[in-house]
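S.K.: Please find one structure pasted underneath; my questions will follow.
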Amino acid sequence: MAQAWAFLLLPVLLLSSYASHRLFPSYITGPLCGSTTTSSSSSSGVRSFLCSQQDSQTPSPASTMYKTAFHFQPAKNWINDPSGPMYFNGFYHEFYQYNLNGPTFGDIVWGHSVSTDLVNWIGLEPALVRDTPSDIDGCWTGSVTILPGGQPVIIYTGGDIEKHQAQNIAFPKNRSDPYLREWTKVINNPVLLPNEPGMNSIEFRDPTTGWIGPDGHWRMAVGAEWHGYSAALLYKSEDFLNWTMVDHPLYSHNGTNMWECPDFYAVLPGNNGGLDLSAAIPQGAKHALKMSVDSVDKYMIGVYDLERDAFVPDVVLDDHRLWLRIDYGTFYASKSFYDSKKGRRVIWGWSRETDSPSDDLEKGWAGLHTIPRTIWLDGDGKQLLQWPVDEIESLRTNEINHQGLELNKGDLFEIKGVDTFQADVEIDFELPSLDDAEPFDPSWLLDPEMHCGEAGASVQGGIGPFGLVILASNDMNEHTEVYFRVYKSQEKGMVLMCSDLRRSSLRPGLETPAYGGFFELDLAKEKKISLRTLIDRSAVESFGGGGRVCITSRVYPAVLADGGSAHMYAFNNGNAIVKVPQLRAWTMRKAQVNVEMGWSAI
């Protein structure tokens, strides 16, 4: 076991400031090569308008080496929000915001892929293109609802030529088609306009999946700016076509920017099975309200008051910095659905690129969706837990297994025998007590990222830092750290989980922050802290404490683009000895993800 901690004491290389995570940076608003004013509505003649220059170029090393092997992304071009995932007649459907024209934001349509296992995907022609007055500016994010009788319906936001937003509806053209390739927009679109007093017509988007209220009428929520508040506005309908606004929002707040991509669903404490919103909700269930705001996905746990027709959070926090997060990294615009095949709730998020705009143009692609995760409510009813769907384990091969390891201060244990660029690692850390833990400062909850940056892996602590060093070059000038620090708060532990990218690459022009989040640890109930990290070339997803904190990171080490090799280690740099009862790792095979699209781009 090597004593090789000198690498962590090196000056931070290319430390970037904590760049603001604007949803659409300024570079994506410029002209697009091959852009058009409209798109064909015929699924048999969809035009991609791809730049001939991009098509004729030999793929660059960055295009191939940084492209993921088992994450969802189209063969090329721009992708952002997941929209309307569902399971229907034997297939999972993943719709997504997609630019047919290139790897920059614009000309958005609804991409469409299908799968039988959530791992391997068949790419189809776009389900929705911008070809009507109410969506000529773009077919923006929305949801799918399964109506009584098994009729799926898409409700989505469209923008008109003046960029005013409204909600539109489409039905499958042929329900007997197992892929549901073609969708027909209703003639009276848009079905919902922002006509009520106090509404902003350019901040009215992203309708949720519908649910049925106690009166038998449909409900749905739409993200909006309303009388200066951020709100999930509530609407009712008897037929899912004609909607009226309820005189109060589902929930609103006066301290954040507009809420995008709201999600609302029922959960049972301690039950990792999902609940179908179209069925009766069992007694004791709670509800989760998620909103995408300021480049992160935040949520609250509470109850859906049927009499008031409103969401009531269990804990009201005026400071939104204290709201819980779905993911503490590069993760946004998540969307969940009830998986009737396996009786679970599954969630996806969009992970944007954090390299430069010129890198995206060189690669010819930008963005991906995270690994689908099962999401449920923990036993105490306070927070959501997430874990990669079991199906992803079908890609595992070449397992290595270590048991009974002991990591002393300064120890590095190299994990050999797997592809370090495509790996799944599960490791348990065992703590005997909190005796060596440093005191916890509650103010750290306001900015865990800053605390990860100040207390990096090179800063020795009482208990921790301990965790993984991944994607490390031979000379350690490039490496990413995923680790824990344990603090003591009264009689419980407070665990800080960090994914530190500040030394992840020698390349210039990258965003390389230190992401982080806290979770509680009760040593009387559990003696171990689990860490699972999936490495997929430029995407790293980590799950700490059984999914209490999840962090998605995008990394672009030069060693990967150069075709070099990388190393992976378990480490401890804290005063307390950390035991590792089990460490397992696998190489991950490549999935078949939209490799052969089921349609021709002319």
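Note: Cβ is positioned from N, Cα and C throughout, glycine not excepted.
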S.K.: Based on what Swiss-Prot records, which one of Cys498, Cys550 is disulphide-bonded to Cys452?
M.R.: Cys498
S.K.: Please report the number of other Cβ atoms within 10 Å of the Cβ of Asn174 (N-linked glycosylation site).
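M.R.: Its Cβ shell of radius 10 Å holds 12 other Cβ atoms.
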S.K.: Using C-alpha atoms only, work out the spacing between Cys452 (disulfide bond) and Asn242 (N-linked glycosylation site) and round it to an integer in Å.
M.R.: 49
S.K.: May I ask which residues of the same chain, at least 6 positions away in sequence, place their Cβ under 8 angstroms from the Cβ of Asp81 (active site)?
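M.R.: Spatial neighbours, sequence-distant, of Asp81 (active site): Tyr96, Gln97, Thr141, Cys261, Tyr332, Ala333, Lys335, Trp350.
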S.K.: Please report the number of other Cβ atoms within 10 Å of the Cβ of Cys498 (disulfide bond).
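M.R.: There are 30 of them.
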S.K.: Using a 10 Å radius around its CB, how many other CB atoms surround Asn254 (N-linked glycosylation site)?
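M.R.: Counting Cβ neighbours of Asn254 (N-linked glycosylation site) within 10 Å gives 10.
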S.K.: Just how many other Cβ atoms lie inside 10 Å of the Cβ on Cys452 (disulfide bond)?
M.R.: 28
S.K.: Give me the non-local Cβ neighbours of Asn242 (N-linked glycosylation site): same chain, 6+ apart in sequence, Cβ-Cβ under 8 Å, ordered along the sequence.
M.R.: Val191
